[in-house]
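Beneath this line is the structure, given in structure tokens, with notes to follow.
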């Protein structure tokens, strides 16, 4: 309520008055190897065993097996194969000659094979065969009509007709491997690392079983040619039933059905079908692991050339004999028939869990078999985030047409692409987890891949991308469907000569207003389509009319109110002085609306301790005026005129006011402060002035003063990561929750800048931000020298970024599907509308979509997001984003167009929400089970004939296990007693509304090697090359180098103990390693190429980031290194979190459990 100021002026401040009546793993599971111990890459062709044939081409398969002792075939004796129009000639094979395996005991991941469409040439090291490939450009628009040029008409209009069920494919080229070429002089070195058996006979290294890992290649469009099957070292499947060992075959394979290629038995290091394998001396002992359940019984290891007792090219030593492979259907010597147990072997199921039976026994040797240490998989050979990101950037950087009529699967969020709107919105605005909608809910239930969209309606675009144009239809207002109220879009079909349009969302027909009427051409398109952005673009804005405004009245310009804590802690830490010295400069960057030349945002200023001080910035006397409200039980705003003022008019009084605040509160001794009444006062000010706006609150301590919103210290770090954590991670009471809801009601958002030196109960006060669309910034133990610049950088971005006020958002879908789950920072009074005080370019909302009915295969499904908001100039507008996706009943299609980035973000946010109802262990178990189910369904539906010992990963989701493991160990979900309760609650609030790219950065930190960088003075920025990241594992940190490690919240500068002293001097201005200042949070500005390069990289990392990170300098073997290692997410973590490899083994075990 508005009341006149009363009271006397406060001493020391001109015209100050007091108003009112009283005027802040180890791996517990041994990796399972097949007997070959070989990690190799192979491919499957549609219709091959492991990939059932269907209407859609099945993508090739990249197989990874553990490589310790594989045998190769010389390139001169390789099989020549030809592929022509999907047919295949039988290979002509020469006599096998065994070659020694390589000395590399790790997985050799050939990343050139991981992205088929990205590699014009592929080399398979295991077989020494070079495959040349030709590129075939796939047209972006699959409807057979050229898109209108953006340069010839104002907007690119989409084609009018599209064949029903047209399948849109990715726009990048497709590679078709052709006849293999024989390579020369590529013989591997002699295998040196062998083990001695008790008899003195040299045995091949690593004969224990390891899981075979395969990732399937899922190109975005049909592949017309794939690598020929049957190359040595590239195993394929014989189509055995899951869970059963495969019988040994000798001789040609049975002919497959017509149109299907021959599958070659999975001999590792053996000849082709029909050839007798080389003999191997076993001294009557069964091979370790052969015949174990879950293994391929045919996978035998040939002895390497030159090993003890095995002279020549893998032949037996004189006087020694080896078994010959038996006739088809007969068990091999030393092996058993399927389902039988060999003498001396443990019964089925008695081996290591999930990895087959135990080894054969030998007298005097416990456990049986040769006493050999198990070999581990090489973590660096597992699917890599770094490689996937680099591959996508190399192939998809540049122009990305969004597609019409259906949306194209977009590049990764880490790829700098320029979207060309063709009728579907920019994926930066809306990104789906699936770019083909499942036909029914059963497909989602079976696959466990959700149909969800990540929406960031005001996301930042690249400079060369066009923002949504503004459409002003005057009194007509936005054109809508009369039945479902969907807004007109490029998918509306005009009928009756343009007098009506059919809505794709509800299939009803709506009359066209006379003022909007236009004739249609012979294709059914309006003749003015090039002048109508809403008819040819996926994103656009309408100027809203009075019915879309609050109380039918056009809104006023919004306001920013800055509310500064001036209690003792805030003054002593330097927050007050740093804020007052820089606020005027920061306000120079207030947001400017499109088409305006200056910002029209109003400014207000408040300070507080245990009472509230309001400042008049438009006093007729020309002097700033402060009025004090002591009655915090029933707070009110003492005046309106002069409190919220345009920045330019307020500048003189604001400058003088800030100077006097610093002087007036320097010697304050008030230690207690309030918070609830401060927010109430800000909301009341906006309500009385009929404006939307945002409150910027700078708070430093727990609000303990006797006033509404008073809180008590309830920190209990031991409760974290236990069943009791809900007691400290949920609000202590509902005061701030109700206050947040009141803020949303009046179009007010709250940003909290916290500067605590102790507990401030973030969990209780965070609803002020999480319900209103605000942000929380936290600076623990704020120090002006270390944190001052970071605080100012965060505040400047917060003030200047694109923002919308008094927001209401609704998601509409076509018939048969509907939005059901919502995740983000907003408030909902009903089941459809999200109300937000303000939303900015750094906020995103995840929406889950379910089926109401079965959809028709081949038809389209539509999603439309409508955002009603007040712009920063006070104009009421409506922003619309549209997305059209094909409906599919094919699991292969779903897995081919799954978007891993959006899926991972969805899993992160849903797991966070699950913690409100479940304990941490239940949440972790559910997430792990869901990951296994996603991969098991792919195995069952798309690769059901592959050997059970292989872990099959679809190409689009091959990093899913890694990201799921990162989710499980992230501090926001699983942080324990090593965190403060406030830090855990703060990170949980960040995850709620983070964008897709921000979520991936939080989960998998980037690690830059910086010692090799240089940057010449005055060199153009374009000449600076950002170094390639290394994998987030401690074994990749070399002691003679330095690394920057960052995840968007924290940054570490790790310096190895043997880094050259001249580099240390250039960068840190220190004479030696021991002289580096570990307390420093910045790199000294020195005039040399190395220092310039490091500082430029740090600035490059922060470009576009919501927050500036505090840098921690960590010297090798320093005490901070243990904390830093938590961010090396591929290693074993604290609290028994698995390493990447160990988690893969667990997932593999769960998949096998699901399938069997």
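Here the Cβ of each residue, glycine as well, is placed from N, Cα and C on the backbone.
The region 'Disordered' annotation in TrEMBL covers 1-62 (among others).
Annotation source TrEMBL lists compositional bias 'Polar residues' at 27-43 (among others).
Look at TrEMBL and you will find 145-191 (among others) tagged as region 'Disordered'.
What TrEMBL lists as compositional bias 'Polar residues' is 178-191 (among others).
The domain 'Zinc finger Sec23/Sec24-type' feature in TrEMBL is assigned to 478-516. Mean predicted confidence for the domain 'Zinc finger Sec23/Sec24-type' (478-516): the pLDDT average there is 96.
Annotated domain 'Sec23/Sec24 trunk' per TrEMBL: 555-799, in sequence order.
Feature annotation from TrEMBL assigns domain 'Sec23/Sec24 beta-sandwich' to 804-888. Secondary structure by DSSP for the domain 'Sec23/Sec24 beta-sandwich' (804-888): 0 helix, 57 strand, 28 coil.
As annotated by TrEMBL, domain 'Sec23/Sec24 helical' applies to 899-1000.
In terms of DSSP helix, strand and coil, the domain 'Gelsolin-like' (1024-1089) has 15 helix, 13 strand, 38 coil. TrEMBL lists 1024-1089 with the feature domain 'Gelsolin-like'.
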* Asked: Between the stretches 478-516, 804-888, 1024-1089, which wins on the count of C-beta pairs under 8 angstroms to the domain 'Sec23/Sec24 helical' (899-1000)?
  -> 804-888
* Asked: Which sequence positions outside the domain 'Zinc finger Sec23/Sec24-type' (478-516), separated from its termini by at least 6 residues, show Cβ-Cβ distances below 8 Å to it?
  -> 158, 404-405, 423, 524-526, 534-538, 542, 544-545, 548, 812-815, 860, 862, 864, 866, 878, 880, 882, 884
* DSSP-assigned states of the domain 'Zinc finger Sec23/Sec24-type' (478-516) in counts, ordered helix, strand, coil -> 6 helix, 11 strand, 22 coil
